[in-house]
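Record features (TrEMBL):
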TRANSMEM  33-52  transmembrane segment
TRANSMEM  101-120  transmembrane segment
TRANSMEM  132-151  transmembrane segment
TRANSMEM  171-187  transmembrane segment
REGION    265-296  region 'Disordered'
DOMAIN    328-610  domain 'ABC transmembrane type-1'
TRANSMEM  363-383  transmembrane segment
TRANSMEM  442-461  transmembrane segment
TRANSMEM  467-487  transmembrane segment
TRANSMEM  544-573  transmembrane segment
DOMAIN    643-867  domain 'ABC transporter'
REGION    929-950  region 'Disordered'
TRANSMEM  981-1008  transmembrane segment
DOMAIN    988-1268  domain 'ABC transmembrane type-1'
TRANSMEM  1028-1050  transmembrane segment
TRANSMEM  1092-1112  transmembrane segment
TRANSMEM  1118-1141  transmembrane segment
DOMAIN    1305-1539  domain 'ABC transporter'
Amino acid sequence: MERLCGPERPFWEANQTLHTERPDLPECFQLSVLSWLPCVYLWAVCPIYLFYLKKNHRGYIMMSIMNRFKTVFGLLLWIVCWTDLFYTFHELRQGHTQPPIYFVTPLVLGMTMLLATFLIQFERLRGVQSSGVLFIFWFLSVLCAVVPFRSKILQASSQNEVTDKLRFTTFYLYFGLAVCELILCCFNEKPPLFSNVVTDPNLCPETTAGFLSTLTFWWFTSLAIKGYKTPLENKDLWSLNQRDSSKVMVPKLLQEWEKELAKAKSEENLSSQAAYSKPPPSTTKNIGGGGGESSPEEVEVLLSNQKAASRQPSFLRALIKTFGPYFLIGSAYKLLQDVITFVNPQLLRMLISFTKQKGAPDWWGYSLAFLMFFTAVLQTLILHRHFQYCFVTGMNIRTAVIGAIYRKALVITNAAKRSSTVGEVVNLMSVDAQRFMDLTTFLNLLWSAPLQIMLALYFLWQNLGPSVLAGLAVMIMLIPFNAVIAMKTRAYQVEQMQYKDSRIKLMNEILNGIKVLKLYAWENSFKEKVLAIRQKELNVLRKTAYLGALSTMAWTSAPFLVALTTFAVYVTVDENNILDAERAFVSLSLFNILRFPLNMLPQVISSLVQASVSLKRIQRFLSHDELDPSSVDRNNTATEFSVTVVNGKFTWAKEDPPVLHNINVMVPQGSLLAVVGHVGCGKSSLISALLGEVEKLEGEVSTRGSVAYVPQQAWIQNATLRDNILFGKPYNEPKYCCVLEACALTPDLEVLPGGDMTEIGEKGINLSGGQRQRVSLARALYSDTDIYLLDDPLSAVDAHVAKHIFDNLIGPEGVLKGKTRILVTHGISFLPQVDNIMVMVEGRVSEMGSYQELLKQNGAFAEFLRNYALEDIVEEEEATEELIEEEELFPEDALSNLTDIVDNEPVINKAKRNFRRQISIISVDGENPKGRSVRRHGCSQRIHSDQQEKKAPHEMQKLIQAETAETGRVKTKVFLEYAKAVGLLLSVFICFLYGCQSAAAIGGNIWLSQWTNDALTNQTQENVHMRVGVYASLGLAQGILVLICSFTLAMGNIGAARKLHFNLLTNKFHTPQSFFDTTPLGRIINRFSKDIYIIDEALPSTVLMFLATFFASLSNMIVIVSSTPIFAVVIAPLAFVYIFVQRFYVATSRQLKRLESVSRSPIYSHFSETVTGSSVIRAYGRHSAFVVMSDMKVDENQKSYYPGIVSNRWLGVRIEFIGNCIVLFAALFAVTGKDNLNPGLVGLSVSYALQVTMSLNWMVRMTSDLESNIVAVERVKEYSETKTEAPWEVEDKKPPPEWPTEGNVEFHDYSVRYREGLDLVLKNLTLSVKGGEKIGIVGRTGAGKSSMTLCLFRLLEAAAGEITIDGVKISELGLHDLRSRLTIIPQEPVLFSGSLKMNLDPFEKYSDEEVWRALQQSHLHKFVSNQPAKLDLECSEGGENLSVGQRQLVCLARALLRKTRILILDEATAAVDLETDDLIQSTIRTQFEDCTVFTIAHRLNTIMDYTRVLVLDKGQIAEFDTPTNLLSQRGVFYGMAKDAGLTQ
């Protein structure tokens, strides 16, 4: 340096710089290091940056005024620098020789300024709007120029004149220009021309954000403010960045994956060539004789072994190649951050040693304080950059993996499809892709955690020597302790999930059958069952909570225990080891750094293991075989046949036996071919073969022109009806109407609530089977293709509709005449009208020809006809309506004859059943008989439309409700409610305990600071044992208090959970029926599952973390304020900023989370829909359209996920900045008050300040979680307080035990309505029934028949008038008293899962003998006694394992057990088979002879022998008399009887 600067300008002078009150740097140092630093930076970065700009071209930016200024300033700077250079030359000529540094520095600076100016222009041409590289350069330049700026003024003022006027001037010009450049650099350029910024209406501001804005995530602020003002909606979100969209990401990954596959293939081929090229010599000699040692099979075996050895394509490698580079940038940031982390403890050490030195100049302290602040800020910015890169990588991986799986699922073979169910594949998308996403955030910890641990140990070793190992040993011992706890907890969680599932299953049954429970007054029994399961569940929860408390204790006491052992060992090992403030507090801050990686490592490793499992699963799925697109030749134009198959041999999977053998088919252009055959003879497989869905083993298949396909089971999308039919084709009104007409869909549209714009649920849930099939046909017809493959479309629809469709659509006169049609059918009636028939037997074509030809041959076809004839005759009868007029069809014996003929044929049996049902359903609803079959068809719709109408207003309600429940701030009232549920005293006590625990922690650290001060007064030796002892006891006290805290909190939480669930359950059992009619079950179940789950599990941990962080932050503040009281001044503004930021964040992030979860489910539902309909999608060639749809859904989801990530970064930067300010002020005040402070206190206050950032950050997160979780309490509360029905028992109005003795029932002016604000369903009924009468109640649908029964049971409360039974007004009784004295056999037989005995007698009132007697009378005796379990026979959910008839008989047995004086019989509409019906009727006639019986009849023949018949019409009594009188009156009843064929 001396050569450069000359002898009289020294490079470094300690006295001039460090040990003075007015420090200054020597001129040589200023000229060399300070001037060159920015230049070195720019020249070093430049090549990399230029390369980057060359690769990334965004279009160029127009020259703006700002850009011109930047360029001019750059050139001026160059001129200024070189003015210096020429001035030096000028001086040389004058004879003043200057040292070489005066030549070198201006030269270098000038060159660098030129480079900077060139970069300004080059960036403009490349479309860079804001440059980070140049910003850092100008920032460094200004920073380095500040020192000479000050020292030049100092010099001038000390000498009272400026010596070197020119250089003085040029320097200040240089400084001014550099500052101007820095300021200009903070602003953005206009966006480049032709970029998407101009076209996108809702562009993400990140793309146009400046460098500073990107660094601090300032660009997000606009969204945070918007989210704070009003709850965010989907339209407020920014569109996804181009580079994160599926369009860019998925092809990238697929490209790499294709390369992997190709590589694996080529390796396989190499190995197989090797296997073939060395056949054993003997085989080659004896090929003719074939008597070699190695037969071809062995070569095969050889081959397969080699295959197994050859490598599989690695999905991991594809992922790394695609996302690695981007992820590595994040890793680089992480490395930087790790290193910077360790700067602050060193600075802390310097600060403490500074406070010890009394004479040290103040500016040392200040610069240390600011250095701490700057390193902390730098660390914050770098850390969040790293997180951003990691999270974005995770998001991209998820997008790409979902896209890849979706695309694969569309082209996968049937064999592969069989190996994984739809659910499994959806799991690949949801769970496994999610795991990758979670892993990427922590992946860097795999190398970073060991690095941090090594560094921390190194510094600790320097500080304390080998005694560190004692502390490390404690840490390592805690790891297995935590692992054991984690394993136990996991086992408990599994157990608890099982209880939860069984509880939800039971709740589901209860809510589905709530009406029956109310009618039977069985609520209590079921309430006990639920509470029993709940109790088990809570017991497991309690165990989990104990474990949780232990692990919390371990987690809080760990750092303390480590410190304690380390310090104790350090002090006792050697007399000379003195624990002073530097050692103690620096070690503490290092231990705090150590805590994070040690805790995270086990987590990272477990999530790595999970991800590797996921990786294998995804890899296996993506390696499945794909369908061979060339198996069907689709552009065959040579022949006049539009479909040809030559020698076809097909199989579903390569390893299965073939399903179709030597198939030869030629279908002429425009003909109609029917394919018939038995079930399972390969008809559908043939259709699949024509579509290319099955593996072709040999032969040729060709189709000419486009194809439409109607599968056997209609595939309906979750879209509007119109979208289902259009299927991506443009809408054309006349064509569309013609299609609807041909498919008989026009009448259906009238009943659907939204016409053809009705939203169809998943899997077409709100359409009947026949409607689905017709929509599927309509889709085919609308697609207007050349070939139609129809796979048995007529079996799902009613006979007359089938006829309509055949005539108008498929048949020779239909819309499709002239197109090629292949129709698989079972309907024989249509066969005479088709061009050709192909008969299939066991996968071969047995014969082919026209109807007449085949009949003549008398082969398989004729036999087929004979088999199916009967079924068809029945169908024909159904279709021909005149038959209904002739009543000879109705006598029972007609049926029994039928039965005899056909009992041996299972297929026919089905027909017989249908036939009977037709007859028995001929209803008394009395529309004209001519339209019967049409009406029956309409009936299925009517039911649906009712549901729809009922649902439609609801959906509206529901949406609104969901919105109100979860937007805006959560009210304090809810927190109070929760505190009340925990118990107010307990809540206060818990807070008190937390306070004590914090006090113990502070006490421990204050004691430590006192202990370190012993070092100053040299009293260390005598006090050692006391110091260690007290420190240990304080620490233990803290640990024990933490344990007690967690215990009490857990108890409180579990108590609250029990109370909230109990109230909810009790209320739901007491809720009137109308509530269940108007509220979707899903919504109630949701309260019992999701919300209770949150209250059970999520809330307690959130509350725990919240209290912990809150008290930690509080104790931090207390410590800092107590050691430097002036700090209190700063707290107010910082707290204000903190609360401000926190409010913005919580409002925005809560809504973003909701939007994200709402937009997530469509991805999966659309996917499972696609998988089930993949053959249809492929047949219509809509493959790419569906891929685009899926991508859109994924992007829609990521659109709300991305701001969610950024909101966390935005918050992190801001909160950590506040934390850094706290560090700064704590250090500053420590410096200002250093004369009155001892080093122990300084160490205490600053080391606490260094921890505060973490707890502040967590506190905001926890507040946010707490707010989103406490909503569950609000929702459960809301449903625990709905209006209840009348009390179950009224003490002073209890009826006598044997009431009703007579069974007289009277209605006085009785009116009733279903709900407030609806019309009356029964108007002013007055009638009286004597005990023992049998009353039949008839009337059209909606006349109020069922309402009458509901009134007797008070499921509907009277609007006016009253009912008395045996002189007792039923409105005054308790509900259970009333309901348990009446008996009902309800319409739908509802059974609950449990034993049969429980279903008959849940309260166990009756003995087994009585139960058996009831079973005998209800004709179930034989069935039950044949069961091995007898009365303990388990009924499955809803009684699925009993037939409908048996269930109806169980209901009868229930009635027989109760045997009360009044029986209400609501006849089953879903006609039970006639035998059961007869059994029930005869039993009632014999067993309930002396009871009053009300029968709601749907079939008149059951009530023709009753005492009286009540005919209702629109809620009023139309007729009430004996059946014979009514028939002779020729009124309403007569009309009904005539319709039913009971009278002439």
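Every residue, even glycine, has its Cβ placed from backbone N, Cα and C.
A TrEMBL annotation is a machine prediction, not a hand-curated record.
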Tertiary contacts of the transmembrane segment (171-187), as residues 6+ beyond its ends and Cβ separation under 8 Å: 66, 69-70, 73-74, 76-77, 80-81, 116, 130-131, 134-135, 138-139, 141-142, 145, 148-149, 152, 210-212
Proximity verdict for the transmembrane segment (1028-1050) and the transmembrane segment (544-573), three or more C-beta pairs under 8 Å: yes
Listed stretch, out of 328-610, 988-1268, 1305-1539, that has the most CB pairs under 8 angstroms to the domain 'ABC transporter' (643-867): 988-1268
Long-range environment of the transmembrane segment (101-120) - Cβ separation under 8 angstroms, sequence gap at least 6: 4-6, 9, 28, 31-32, 35-36, 38-39, 42-43, 46, 49, 67, 70-71, 74-75, 77-78, 81-82, 84-85, 88, 131, 133-134, 137, 181
Other parts of the chain folded back onto the transmembrane segment (33-52), taken as Cβ under 8 Å at six or more residues beyond its ends: 25, 105, 108-109, 111-112, 115-116, 119, 122, 133, 136-137, 140-141, 144-145, 147-148
Residues from the same chain, set at least six apart from the ends of the transmembrane segment (132-151), whose C-beta lies under 8 A from its own: 24-25, 27, 30, 34-35, 37-38, 41-42, 45, 49, 116, 119-120, 123, 171-172, 174-175, 178-179, 181-182, 185-186, 211-212, 214-215
